[in-house]
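K.L.:
Below is one structure. I have some questions about it.
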Amino acid sequence: MAKIKTRFAPSPTGYLHIGGARTALYSWLYARRHGGHFVLRIEDTDRERSTQESVNVILEGMSWLGLDYDEGPFYQTERFDRYRELTQRLLDEGLAYRCYCSKERLDALRQEQMANKQKPRYDGRCRDLTEPPEGAGEPVIRFRNPLDGEVVVEDRVRGRVVFRNSELDDLIIARADGTPTYNFTVVVDDMDMGITHVVRGDDHLNNTPRQVNLYRALGVEPPVFAHVPMILGEDGKRLSKRHGAVSVLQYRDQGYLPEAVLNYLVRLGWSHGDQEVFTLDEMVSLFDLEDINHSASTFNPQKLLWLNQQHIMRAEPAHVARYLAHHLGERDIDPADGPPLEAVVAAQQERAKTLVEMAENSLFFYRDPADYEPKAARKNLKPETEAALVRVRDLLSELEDWRPEAIHECVLKAAEVLELKLGKVAQPVRVAVSGGPVSPPIDQTLALLGKEATLRRIQAAIDWIDRQAAG
């Protein structure tokens, strides 16, 4: 049995979007599950819309997701000689022909067919020409599609789909300027690269019978096809920019872990029992094309956010720290200027929904608060709480065993002496050291900050209260 080989073949006309990333993931998983190869091909024949910037964004998105490829990236613009060679071969064998019909004639034909409630299709006028009409311009090249019979596609997702050749027209495989068309290049590339399984959106299904006929005209069996349903927004319409972030790298910038995005993408059309959270290894071992749903999936941002929280919570702190460092760097924070990043992660894993949230809540570990959150300050930094801050400062200044347990005892002792509930002491301390009302448990927070920074910040808060009171 031939080694399984799948491919992802984006057009570099924009970013790596959610739908494309899901297609790449499904192709990658199937190859990895079966010990095969995954190929990356850049379909850049549309020279007007293709940009190097888009190529870079696609490659960056693939890298961030961890979807490594065994071959490529291949570029179609580097293969024009091969397309010309096979176009000529089809012409020589009578399997393609030159079409001289003008745009005006084709437009009129289309209008007439639509007026007669017929399916618009080329009528084959040039099919049997032996020489160019007088005054004709440069021709396009059309594939001579069979006129009768059927094309049967055994689709791994949709099952058997049957197309009648009589309903297919003679598609253009090369434009008048000689550039090849999508339907031709994709067949040639998949043939030359030995692609065995093609996973793609079901909007390509109508191209499939034409491509199958092209494969056979070129003397090869077509690959196995798996057409996956589209992704819808919550309003039931096809997912687009109006539904929010659709670029993979936007989710990176918003603080999502790549494995959380992959987990969400795999669940957009595939399931395994009632399991929701999957590691990448689990996805590889469980995924199969036959298990993909037949109906469209709805993109739910809240579900993605929940999965991100689950992955942050379950990951090793060192793994999360790698990605958190990027977000801290974006905020001009050097993690070397504070407590170990892994410890900062471990203290916040249970609560953080995104790495952006974790980064924002981690800033005070690396630099003194520039000011206090107004509402938290009004409630917790006032003359009535100054005694608690002074007591905690004095107890902590004498503490040599700077561990969470010992710190907790100091805060507890201050509360007992002042006959206050623990929160009435801990919260002013929290606002004093962090600048806001939210942090990990106060003993963990102070342990991570260290003795010097803790005492300095508590004293700064005491001084701030005195200045406010003095007017």
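Our numbering is plain: 1 for the first residue shown, then up by one each step along the chain.
Every residue gets a Cβ built from N, Cα and C, even glycine.
Swiss-Prot lists these features:
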type: BINDING; residues: CYS99, CYS101, CYS126, ASP128; note: Zn(2+) binding site
type: BINDING; residues: LYS241; note: ATP binding site
type: MOTIF; residues: 10-20; note: motif ''HIGH' region'
type: MOTIF; residues: 238-242; note: motif ''KMSKS' region'
K.L.:
Let's see if you can do this one: DSSP helix, strand and coil counts over the motif ''HIGH' region' (10-20), in that order.
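P.N.:
Taking each residue of the motif ''HIGH' region' (10-20) in turn, the totals are 3 helix, 1 strand, 7 coil.
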K.L.:
Checking distant contacts: for the motif ''HIGH' region' (10-20), what same-chain residues at least six beyond its ends satisfy Cβ-Cβ under 8 A?
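P.N.:
For the motif ''HIGH' region' (10-20), the nonlocal Cβ contacts are 42-44, 46, 49-52, 54-55, 57-58, 61-62, 201, 230-231, 239, 246-249, 265, 268, 299.
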K.L.:
Do you know offhand how many angstrom separate CYS126 (Zn(2+) binding site) and the residue listed as 'ATP binding site' by C-alpha?
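P.N.:
Counting only the Cα atoms, the answer is 43 Å.
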K.L.:
I'd like the Cβ neighbour count for CYS126 (Zn(2+) binding site), meaning other Cβ atoms within 10 Å of its Cβ, all protein chains included.
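P.N.:
So the number of other Cβ atoms within 10 Å of CYS126 (Zn(2+) binding site) is 19.
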K.L.:
Write down the Cα-Cα distance for the residue listed as 'ATP binding site' and CYS99 (Zn(2+) binding site), rounded and given in Å.
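P.N.:
Counting only the Cα atoms, the answer is 39 Å.
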K.L.:
At a 10 Å cut-off from the C-beta of LYS241 (ATP binding site), count the other C-beta atoms across all protein chains.
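P.N.:
The answer is 9.
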K.L.:
In sequence order, what residues of the same chain, 6+ apart, have a Cβ less than 8 Å from the Cβ of CYS101 (Zn(2+) binding site)?
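P.N.:
Those within reach of CYS101 (Zn(2+) binding site), by Cβ under 8 Å and sequence separation of 6 or more, are TYR122, ARG125, CYS126.
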K.L.:
Looking at the motif ''KMSKS' region' (238-242) alone, can you tell me the average pLDDT?
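P.N.:
So the average pLDDT across the motif ''KMSKS' region' (238-242) works out to 81.
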K.L.:
Looking only at C-alpha atoms, tell me how far LYS241 (ATP binding site) is from ASP128 (Zn(2+) binding site), rounded to the nearest Å.
P.N.:
47
K.L.:
Which residues, in sequence order, are found in the same chain with Cβ within 8 Å of the centroid defined by the Cβ atoms of CYS99, CYS101, CYS126, ASP128 at the Zn(2+) site, excluding those residues themselves?
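P.N.:
Same chain, not in CYS99, CYS101, CYS126, ASP128, Cβ within 8 Å: TYR97, ARG98, TYR100, GLY124, ARG125, ARG127, LEU129, PRO139, ARG142.
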